[in-house]
Amino acid sequence: MSQDFAHLSVLLAETVDGLNIRADGIYIDGTFGRGGHSREVLSRLGVDGRLIAIDRDPQAIKAAEQFANDSRFQIVHGGFGQLANYVEELGLVGKIDGVLLDLGVSSPQLDDAERGFSFLRDGPLDMRMDNSQGETAAQWLARAEIEDMAWVFKTYGEERNARHIARCIAADREKTPFTRTKQLADLIARVAKSKERNKHPATRVFQAIRIYINSELEQIDQALEGALKVLAPHGRLSIISFHSLEDRIVKRFIRRHSQGEELPHGLPVTEAQLNKSRTLMPVGKAMKPSDVEIEQNARARSSVLRVAERLPF
């Protein structure tokens, strides 16, 4: 049994501030984790408020037992990409006042060697957010073609040595299958042609495999579209990203829906037509953690918070 690992929620106050909490509102925490953001949301809700939390990690579902006696709270075991489906089942489409997403892997997942996310701790090569189902990283590495591995490393890890590393993995697995995180990390450290200062050579490959195994970017796309569908007028989106691939998706989504559809040039357009084509309004600028927060929690360094509001048109 894995021990319980602590988790410091990044940009905690700022993210919940972004939701502009109403005491009687209905909110979604799409990435419950260990409940840091949920706890803060609940502290700002009144007796008639409601919080629906979602997580696909069985350990997160167990952690949600801390709120078992709070009638305002409920937890759903599943991926945040399906949030629109869960809301539809509850009959709450168009009634959600805010959606919070804290993307990427959590500290407890990284710190628990048995989960297989970290190249700094030796453990089984798993990397599944929901370790009760799906293909493990070890299983994928055992069957993937060189071209497929190279594509994943390049696309999801922006790894410059993607093809070379893929070839080396394919050659080594003929002798010994990759089953441990240290085994893979040591190989990458040995064969990487170029190394980045203050970054372990395996960082990008581990990120890439994790994103691929968990379909993380597809989940983000689905969650954003789903959030837009379920938000009430003036409902808020408050989203924390941890690397450029995540943030790019969020930034482009907000930009696309705040600029609206492209309308014919040279033809008269009514204000109603302009408004109808816009569904979101950015709230403030992208926010990064303070130096104080980074000093207290080094993993906050790369985080970016973006907030947007559902327009009432």
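The backbone N, Cα and C atoms fix where each Cβ goes, glycine too.
Annotated S-adenosyl-L-methionine binding in Swiss-Prot involves Gly35, Gly36, His37, Asp55, Phe80, Gln109 plus, out of the candidates Asp70, Asp102, the residue Asp102. Within the same chain, residues at least 6 positions away in sequence whose Cβ sits under 8 Å from that of Asp102 (S-adenosyl-L-methionine binding site) are Ser9, Val10, Thr15, Thr31, Gly33, His37, Ile240. Within the group of binding-site residues (Gly35, Gly36), the Cβ with the highest number of other Cβ atoms inside 10 Å belongs to Gly35.
Same-chain residues at least 6 positions away in sequence with a Cβ under 8 Å from that of Phe80 (S-adenosyl-L-methionine binding site) are, in sequence order, Gly30, Thr31, Ile54, Asp55, Arg56, Leu101, Gln219, Ala223. Between the farthest pair of Cα atoms in the S-adenosyl-L-methionine binding residues (Gly35, Gly36, His37, Asp55, Phe80, Asp102, Gln109), the distance is 17 Å.
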